Amino acid sequence: MVQIEELAVMVQKSKHLVVFTGAGISTSSGIPDFRGPKGVWTLQRAGKGVPDASLPFHRAAPTLTHMALVELERAGLLKFVISQNVDSLHLRSGFPREKLAELHGNSFKEVCPCCKTEYLRDFEIETIGLKDTPRRCADKNCGARLKDTVLDWEDALPPEEMNSAEEQCRTADLVLCLGTSLQITPACNMPLLSIKNGGKVAIVNLQATPKDKKASLVIHGLVDKVIAGVMCILSLRIPPYIRTDFIQLLLRHTVKKKCVRWTLRVTSVHGMRAPLSFLRSIEVSFPDRSDMKPVVLMEQPFSLQRETSMTSIFSMLLTLKFSDGCGCSSSSIECHVNFQKQKESFVRDRSLVLQELKCTAERQSRAGQQSILERESLPRAETSIHAFVTNIIRYDAEDLKVADPKGSWMNSGSSTSSNLAKRLVEGASGYSASTKKLKC
């Protein structure tokens, strides 16, 4: 359509493109928005309660639009993203943190109030409102109690995020607003800073917004569909989303006469208190030992205790059963155990290993690949960290096919999910393909 072609030209000609996003870019991932036809506030005003989502919040995958923004940044066209969402999908997509301002916080991120170190988690932080969390800063010289980053209603926008967002809008020659109704202040006024300095504003959203009359281009329709069209016109490929998750294996043993009492623990790399949200259960078996019974571990933290002979040498097969929202049902790790021989310690290049895993997953068009990242061996303990590809989603720009996960994070009973209506996620929807263009 003409409006999409016009938007593509604006993006291509822009020297400093900034994208301003709201909840409407995440609805196709299964996360409800706020003001759309099936949004949180829309249904609540109609007396219909909180809407369901289509999958657990922590397993939501970036949408076609999220991944398109990643490619636009890689191509040098997109300079910065300002987000009002707390769903972490921009960071999960691989978008650079240094080019992102999260105005309302991130449900999956903690920050150290002393040294300002950020910790991105694969689980929802237990609190909102900039409160203390159960964890502490990992820096040995700090150790301060961490805080969540999601704003409550009375909280002011974080100065660091606010200042960088305003500076980018003033510098931008084009601010592209995607999936936002532009009604939450003061954030909604940021895109207009571009106009004051001679730039332009373009808006893609289902409903009309209060800022439409000031925009150079307005398209009312599905954000994913519009952005898919723009990417096609620009001859840019939308990369697949490939998710990796991590576990830590700890094998300790004590010697008692001629026997060895050993304990296996499978935990998050974030510590014992952190849940492994992508795991449902772990099957532990011993392929070469018929005298050692297999067991299924169902409760976290996953732990197994056994006693064997000091001279026993055996293989232990761990079959990890993945939870809903993952792109495959399971993956396996085989461990060779010999208590009389200490293994070598090593640390592999994490970025290189993860890149190899993702390339393999994309080439094979499936998830489930795994690799060891590091191992630390002590006389009576061995710790290793493993990475898994737990999801791969390809985005068809022609028919917008995306994964259809199962589950419901809105009704999952978690404290953070039940508090979603308090989170300052800016709302807009994407359910209609009708279009309309307005110019000032």
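Keep in mind that glycine also has a Cβ here, set from the backbone N, Cα and C atoms.
Please treat TrEMBL annotations as automatic predictions, because they have not gone through curation.
TrEMBL has this to say about the protein:
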- 1-237: domain 'Deacetylase sirtuin-type' (DOMAIN)
- His104: active site, proton acceptor (ACT_SITE)
- Cys112, Cys115, Cys137, Cys142: Zn(2+) binding site (BINDING)
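Counting Cβ atoms from all protein chains shown, Cys137 (Zn(2+) binding site) has 20 others lying within 10 Å of its own Cβ. The number of other Cβ atoms within 10 Å of the Cβ belonging to His104 (active site, proton acceptor), over all protein chains shown, comes to 22. Per-residue confidence over the domain 'Deacetylase sirtuin-type' (1-237) averages out at a pLDDT of 90.
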